[in-house]
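A.B. asks: What follows is a single structure, and I will ask about it in a moment.
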């Protein structure tokens, strides 16, 4: 980690009040830590948009396991991407519905494509990709 540098920020007083409320709600120790976190989040988002950097994400799926061949199709997708899908958690929500959380690692564009394929399988009730970073390059 590099040397800490102090700098000033000018902003509208209402925006600052809103920011201070956010800091309190999120439990940040101070404005500096909140700003650092915002910058890191923007960096991660940019990396995902560019698509070339290594990233990691979770794909969350909710589906009815009684739908014909759905479980098999999802399993086939997972096996087709066994190098990128590094972990899977399967939860029985009730007698019919399942929750599956997959951890996917790879180039951001590949992770997004895999997530889209899984979420797009007919019979998936809800799916969501949550993208994050491997932590490499963040300070």
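Along the chain as shown, the residues are counted starting at 1.
Any Cβ shown, glycine's included, is placed from N, Cα and C.
Pasting the feature list from Swiss-Prot:
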type    : residues       : note
BINDING : 79, 90, 92, 98 : Ni(2+) binding site
A.B. asks: Which number gives the other C-beta atoms within 10 angstroms of the C-beta of residue 92 (Ni(2+) binding site), all protein chains shown included?
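C.D. replies: Here the count is 10.
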A.B. asks: What are the non-local neighbours of residue 98 (Ni(2+) binding site), defined as same-chain residues 6+ apart in sequence with CB under 8 A from its CB?
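C.D. replies: Set apart from residue 98 (Ni(2+) binding site) by at least 6 residues yet with Cβ under 8 Å, we have 62, 63, 64, 65, 71, 90, 91, 92.
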A.B. asks: By Cβ count within 10 Å, point out the most packed of the binding-site residues listed: 79, 90.
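C.D. replies: That would be 90, with the most Cβ atoms nearby.
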A.B. asks: Helix, strand or coil at residue 79 (Ni(2+) binding site), per DSSP?
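C.D. replies: Where residue 79 (Ni(2+) binding site) sits, the three-state DSSP reduction gives helix.
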A.B. asks: Could you say whether, by DSSP, residue 98 (Ni(2+) binding site) belongs to a helix, a strand or a coil region?
C.D. replies: strand
